[in-house]
Amino acid sequence: MAAMASSSSNFFFIFFLVLCLKITAKKTYIVQMKHQDKPLSFETHHDWHSSSLQSLTDSPPESLLYSYTEAFNGFAASLNEEQAESLSKSESILGVYEDTVYTLHTTRSPQFLGLDADLGLWATGGSTQASEDVIIGVLDTGVWPESKSFDDSGMPEIPSKWRGECEPGPDFGPKFCNKKLIGARSFSKGYRMAIGGGINKKPKEIDSPRDQDGHGTHTASTAAGSHVANASLLGYASGIARGMATRARVAAYKVCWETGCFGSDILAGMDRAIRDGVDVLSVSLGGRLAPYYRDTIALGAFAAVEKGIFVSCSAGNSGPTRATLANVAPWIMTVGAGTLDRDFPAYAVLGNKIRYNGVSLYSGRGIGKKPVGLVYNKDNNTFGNLCLPGSLKPASVRGKVVVCDRGTNARVEKGGVVRDAGGVGMILANTADSGEELVADSHLLPAVAVGRKTGDLIRKYAQSNPNPTAKLVFGGTVLNVRPSPVVAAFSSRGPNMVTPQILKPDVIGPGVNILAAWSEAIGPTGLVKDTRKTKFNIVSGTSMSCPHISGLAAWLKAAHPDWSPSAIKSALMTTAYTRDNTNSSLRDAADGSLSNPWVHGADSKTLVNSITHHFRSCLGTKGLFGTLGN
């Protein structure tokens with residue numbers, strides 16, 4: 001009986017403990033208000049939001065994280081479930097939604113799109129001054145201001161319409177901004193609440209606009225980076241790096257942190273960008289599909305478009321699976337990814353004398369001219385075929401080239417696993433999920449990425465030959481690759497599952513192996529163990545294609561200041577087409593088949609040379625882009 005009583009008391013103790021934790025545990029909620037209900041007694045919306053929060057929930061003033069006035073009618077607050085439920089019952093409140101976590105969608109592209117560095121729109125009659133008045137706001141991981149891509153040489157004074165600032169921080173301040181990078185802010189309250197301890201707890205990551213990840217610097221410089229000579233990633237893609245809109249201004253809004261991008265912070269960044277006076281918003285991040293009224297990016301973008309701001313967003317990297325798109329709201333320019341006419345060939349030469357083509361950005365010492373042992377660890381119990389951390393036995397891979405299946409963990413991490421186990425090289429072999437798409441990486445050891453069909457042949461050789469060997473050869477940078485563009489296999493696909501009647505994505509842009517500026521706080525692979533530092537990096541993803549379109553939108557805004565975001569969107573979409581540089585229909589890298597509108601966009605929507613056609617017809621610049629037009 002005593003044991004039963006003890007068990008019963010323990011049960012009730014645990015029950016009440018869980019109940020207590022549920023009541024007291026706080027989360028970030030976004031609260032949508034009926035803005036027309038604001039009493040005249042409140043001078044500002046912030047005062048009204050603060051008063052409503054305290055009167056309805058008995059919350060302290062610091063519970064109010066953000067008060068939104070431009071991108072959204074409402075506020076973000078730290079609440080427990082009981083307080084959130086109490087708020088939702090108020091007649092002045094339309095909805096109370098738990099904060100959402102979004103993720104990042106991770107030199108030759110201007111020429112590939114027909115935008116000649118010397119003869120482009122910026123150099124045509126009277127449009128230079130207009131271009132310098134266009135401001136692109138980039139919501140991302142911040143910016144590395146010391147990059148030469150943000151050099152302001154020759155730039156005139158900052159436009160008078162600009163109301164932003166260069167936010168001070170422990171490692172940032174006004175001195176880091178200039179006439180090119182005219183603003184930088186950070187938004188971290190949602191992030192700090194999510195990691196625990198409240199907004200007053202000092203986070204692990206420094207709270208400033210400085211980019212510790214590289215992603216934000218890459219996207220910002222892709223959209224509007226200045227000309228930089230002799231740019232390359234450790235010798236690859238060497239040449240002049242430049243953004244799409246080289247004379248446009250850049251404003252960086254850091255809304256993404258090491259654990260993700262929180263909706264409350266994103267909305268705060270969009271709210272501030274609208275008030276600051278940006279003309280274009282570039283957003284290379286996204287989350288799971290949701291109704292538009294529950295999608296932070298869709299809500300903020302709607303308010304921005306209403307105020308004349310063009311919004312470009314990445315489509316996501318969840319292809320080739322169907323119905324995987326992000327950012328599908330009709331008022332958003334949803335951008336998928338395709339290849340350029342540039343490649344980084346590498347080869348795996350097997351002991352049977354057969355040479356297989358692949359790609360790589362490896363830049364260190366190779367494995368030598370003599371073949372070494374080749375191993376493929378197909379063991380379902382250890383997952384050695386995937387080269388997951390701890391899955392490889394040093395005794396079996398030491399001194400050998402290891403075949404690793406693509407998938408599950410990061411491509412560059414697999415190379416690190418091989419190196420740590422004693423391997424001297426890696427062949428990264430695609431599976432059915434990644435098909436024939438090849439993405440080059442700056443691996444930590446000699447490595448070659450190959451497609452699925454080639455991968456199957458190499459796997460078969462490694463398993464069937466009693467003494468398999470291989471050597472790896474690296475071919476540098478090759479231009480004028482045909483066919484191109486090809487739709488990237490990772491580019492997310494339609495149909496649009498929120499509004500099936502609206503075909504998405506809208507267009508594709510260059511998003512595979514894109515060279516742009518990089519943060520010197522992190523190595524090119526992004527791995528902690530990567531101690532290399534580089535001023536430029538080559539990265540792939542719809543995150544990279546999105547700022548290409550943001551830059552093109554800035555061009556159009558400069559040429560036609562009176563055009564609405566919808567007019568700019570329409571101009572880009574209706575002048576795009578689906579022919580590659582062999583004049584054949586676009587193909588899908590996933591399986592080599594012909595692409596379709598759910599893959600590349602509605603009714604012929606790749607941006608290759610579309611800008612050429614548009615400017616010829618609208619600006620009377622026939623012949624401006626030479627033979628690049630159709």
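Note that Cβ sites are derived from N, Cα and C of the backbone, with glycine treated the same way.
What TrEMBL records for 28-105 is domain 'Inhibitor I9'. Per-residue confidence over the domain 'Inhibitor I9' (28-105) averages 90 (mean pLDDT, predicted model).
Summarising the annotation, TrEMBL assigns domain 'Peptidase S8/S53' to 132-582.
TrEMBL lists Asp140 (among others) with the feature active site, charge relay system.
Feature annotation from TrEMBL assigns region 'Disordered' to 198-222.
The active site, charge relay system annotation in TrEMBL covers His215 (among others). Remark: His215 (active site, charge relay system) has Leu104, Thr106, Asp140, Thr141, Cys256, Ser284, Val539, Ser543 as non-local neighbours, by Cβ distance under 8 Å and separation of at least 6 in sequence.
Ser543 (active site, charge relay system) counts 31 other C-beta atoms within 10 Å of its own C-beta, drawing on all protein chains shown. TrEMBL lists Ser543 (among others) with the feature active site, charge relay system.
For the domain 'Inhibitor I9' (28-105), the number of residues in each DSSP class (helix H, G, I; strand E, B; coil) is 27 helix, 27 strand, 24 coil. Its Cβ taken as reference, Asp140 (active site, charge relay system) is surrounded by 28 other Cβ atoms within 10 Å in the chains shown.
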